[in-house]
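Engineer: Quick one: structure below, then a few questions.
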Amino acid sequence: MGTIYLFRKTQRSLLGKLTQEFRLVTADRRSWKILLFGAINVVCTGFLLTWCSSTNSMALTAYTYLTIFDLFSLITSLISYWVMMKKPSPTYSFGFERLEVLAVFASTVLAQLGALFILKESAERFLEQPEIHTGRLLVGTFVALFFNLFTMLSIRNKPFAYVSEAASTSWLQEHVADLSRSLCGVIPGLSSIFLPRMNPFVLIDIAGALALCITYMLIEINNYFAVDTASAIAIAVMTFGTMYPMSVYSGKVLLQTTPPHVIGQLDKLLREVSTLDGVLEVRNEHFWTLGFGTMAGSVHVRIRRDANEQMVLAHVTNRLSTLVSTPTVQIFKDDWARPVLASGTMPPNMLNIPEHHVIQMPSLKSTVDELNPMTSTPSKPSGPPPEFAFNTPGKNMNPVILSNNQTRPFGVGYGTTPYTTTFNQGLGVPGVGNTQGLRTGLTNVANRYGTYTPGQFTQFRQ
């Protein structure tokens, strides 16, 4: 025979895998728009950072960080398209929807870290306020505002759209909602615009641009440079307050928690499942949020022994699928068994007491050397060995024969009871002795309890 050579598949590097997945995404024309906006965002961010350096404005730098956040949101939208194209694999049986959650969580946390950096730099500037040049401050403000709004309203970002609606409202949204109610009380026609929950990203873009416009006017009129630092702190606080609820919501999804508003509906579904035909018990239920708008869960269902497993499984899955997109149901039948009762008459000899009781002394030999018949391996003792179980005189003692002193009829004597074999392999076998005035119909007397045969009753001669 010739030599057999094993050919292994060449493992691609990380860069090669990323290139392959990027080609998969770019095959869809819907992703071209995202890539175009991403390229424009990089160019726009470069210009804004240059203007931040020339104007020496911390407020414009804080506002530019929102443009960088837009780039993260575009990457998240691109990941969302990739997740839609990928199918579940044996390693990731639930799919790749959690990557969307991870992208949203990372983007919001990075935005909060940028806000903290702005707060730290602004605190240092309060001690020594530099001069602010307003040459390109207003131009940079409107360029950033236009691009941020155009990106948010043109690109359909499914993950961030869901998070902005599902997460709790930020303090900025609550204050704007209060002002909108007051304004709509004066002008009712604006209720259709201001009363609904405003998009938090659009709101922070408008609020940041408004703060920069106030900064520009105060510096141009009074050369009040400290207002730039105050505006930077205001934009950083608004950024942190807007991103914090989204990061909390996406973090809870990553921790596989159950949303509070779904717990009542899940309890109702489980009660309905427990009332299905053949279902005895529903236990070990666990439900969690798999992605944005999708839930997964597992449940164990105990059914009757005569129930149809496939039928019960279909009914349970149908009930749970109304709320849980990926349910996992494990069916197992009831293992309770009734004790087997003996039918028929009981033999009369079962109640007879033998002449002697043979009591086997318990063996004090360690059970470590004994084999378990189920596993064919030495079984471990269930408890610690006795304290004085080693080298004791009664370790290999033979059985003890205890006489049974039963009451006999008057006038019947006790004959001697010779033994054919005194001790035979640890069992005493008594013989039949001669009795005075006693005639029996047995040729062999049984030596174990419960082995007597009918006709062994003694007869007495008058």
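Numbering starts at 1 and runs along the chain as displayed.
Cβ coordinates come from backbone N, Cα and C, glycine included.
Swiss-Prot feature annotations, pasted as is:
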- 1-33: topological domain 'Cytoplasmic' (TOPO_DOM)
- 55-64: topological domain 'Extracellular' (TOPO_DOM)
- 86-98: topological domain 'Cytoplasmic' (TOPO_DOM)
- 120-134: topological domain 'Extracellular' (TOPO_DOM)
- 156-200: topological domain 'Cytoplasmic' (TOPO_DOM)
- 245-462: topological domain 'Cytoplasmic' (TOPO_DOM)
- 34-54: transmembrane segment (TRANSMEM)
- 65-85: transmembrane segment (TRANSMEM)
- 99-119: transmembrane segment (TRANSMEM)
- 135-155: transmembrane segment (TRANSMEM)
- 201-221: transmembrane segment (TRANSMEM)
- 224-244: transmembrane segment (TRANSMEM)
Engineer: For the transmembrane segment (34-54), name the stretch out of 99-119, 135-155, 201-221, 224-244 with the most CB-CB pairs under 8 Å.
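Structural biologist: Most contacts with the transmembrane segment (34-54): 135-155.
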Engineer: Between 99-119, 201-221, 224-244, who has the most Cβ pairs under 8 Å to the transmembrane segment (135-155)?
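Structural biologist: Ranked by Cβ pairs under 8 Å, first place goes to 201-221.
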Engineer: So which residues does the topological domain 'Extracellular' (120-134) touch in its own chain, when a touch means Cβ under 8 Å and the partner is 6 or more beyond its ends?
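Structural biologist: Residues 54-58, 216, 219-220, 225-226, 228-229, 232-233, 236 contact the topological domain 'Extracellular' (120-134) from elsewhere in the chain.
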Engineer: In the topological domain 'Cytoplasmic' (156-200), how many residues does DSSP assign to helix, to strand and to coil?
Structural biologist: 33 helix, 0 strand, 12 coil
